[in-house]
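Worksheet: the structure to be examined is printed underneath.
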Amino acid sequence: MTTRAGFVALIGEPNAGKSTLTNRMVGAKVSIVTHKVQTTRARIRGVALEGDSQIVFVDTPGLFQPRRRLDRAMVAAAWGGVADADITVLLIEAHRGITHGVERILETLNDQKGRRVVLAINKIDRVEAPQLLDLTEKLNAAYDFEQTFMISAEKGHGVKDLREWLAGEMPESPWLYPEDQIADLPMRMIAAEMTREKLTLRLHQELPYQLTVETEAWEERKDGSARIDQIVYVMRDGHKGIVLGNKGETIKAVGKLAREELVEFLGRKVHLFLQVKVRKNWLEEAERYSEMGLDFRDGN
Ligand SMILES: Nc1nc2c(ncn2[C@@H]2O[C@H](COP(=O)(O)OP(=O)(O)OP(=O)(O)O)[C@@H](O)[C@H]2O)c(=O)[nH]1
Ligand SMILES: [Mg+2]
């Protein structure tokens with residue numbers, strides 16, 4: 001049997017649906033999703049099987065005009081994903097069309113020679129057909145895409161076609177991961193991401209962008225359960241109060257939701273303990289970046 005395997009980078013503006021597509025391709029939630037921009041902070045590898053092909057989807061942080069060190073490190077991680085990939089899929093939101101952000105991404109892609117890039121217009125459930133055709137034409141005039149797919153990552157439309165096409169394009173190679181592996185990300189990081197997702201959904205305005213979550217300890221217990229200790233780092237005393245909530249109700253609700261998801265992911269009992277710590281300068285600490293799977297120096 002000839003097997004195929006390779007890497008497919010998913011890139012696009014923040015909120016384009018990259019993580020939703022990653023999860024749909026893998027068939028499990030390996031990357032967190034929210035309705036807010038800049039949810040994904042590092043490269044998340046999800047593994048999918050299609051026929052004899054193993055496709056490693058590389059979910060990346062959204063591409064935007066970075067301001068902070070963290071933003072720069074995120075954008076660098078995304079372009080790094082492209083550099084390492086066999087094929088890149090650019091996701092565009094059907095209803096938003098060619099924004100300034102999309103124009104900038106196309107410019108950068110045009111500056112990079114020799115990349116294999118396909119276009120996936122996502123969220124087609126939000127627009128009518130004529131609008132889609134118009135957008136497809138304009139995008140293909142702006143960049144020489146190998147293929148165009150129209151998909152709804154959320155509803156699943158067109159996703160099978162995209163996966164089958166990608167599978168056929170993967171280079172001949174032994175599989176890169178064991179057949180049953182769906183993600184290449186330490187469990188402690190997946191667990192921290194789950195908590196960060198719940199915090200992001202629960203907290204307002206800028207706060208989700210000013211915190212990070214780390215798994216501090218992971219203990220396998222004799223009864224088969226896991227005890228997981230996590231720290232939520234925030235930048236100000238006031239933020240700590242908000243994350244805790246009145247009588248600790250916010251952190252309690254977040255912990256409950258995160259724990260439920262961990263139980264589902266791990267298939268066993270989980271004891272999750274969350275602690276909130278103020279760390280004014282965490283955005284400038286190298287260790288925080290390595291915990292997130294980012295390169296601190298990329299932020300320079
Ligand atoms: N209507 C619709 N919504 C979608 C679709 N795909 C994703 N979404 C929604 O778009 C939002 C952003 O999805 P994500 O998958 O987190 O987007 P992302 O590109 O990973 O975002 P960042 O990590 O911030 O760069 C979420 O609310 C999704 O539910 C789709 O096909 N249709
Ligand atoms: Mg994402």
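Here the Cβ of each residue, glycine as well, is placed from N, Cα and C on the backbone.
According to TrEMBL, the domain 'Era-type G' annotation covers 4-172. Mean pLDDT across the domain 'Era-type G' (4-172) comes to 97 in this model.
The region 'G1' annotation in TrEMBL covers 12-19.
Per TrEMBL, region 'G3' is recorded for 59-62. Residue counts for the region 'G3' (59-62) under DSSP, split into helix (H, G, I), strand (E, B) and coil, are 0 helix, 1 strand, 3 coil.
Under the heading region 'G4', TrEMBL lists 122-125.
Sequence annotations record features per position, and here TrEMBL assigns domain 'KH type-2' to 203-280.
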Any residues 6+ beyond the ends of the region 'G4' (122-125) with a Cβ under 8 Å from its own?
12, 16-17, 21, 91-95, 132, 150-155, 157-158
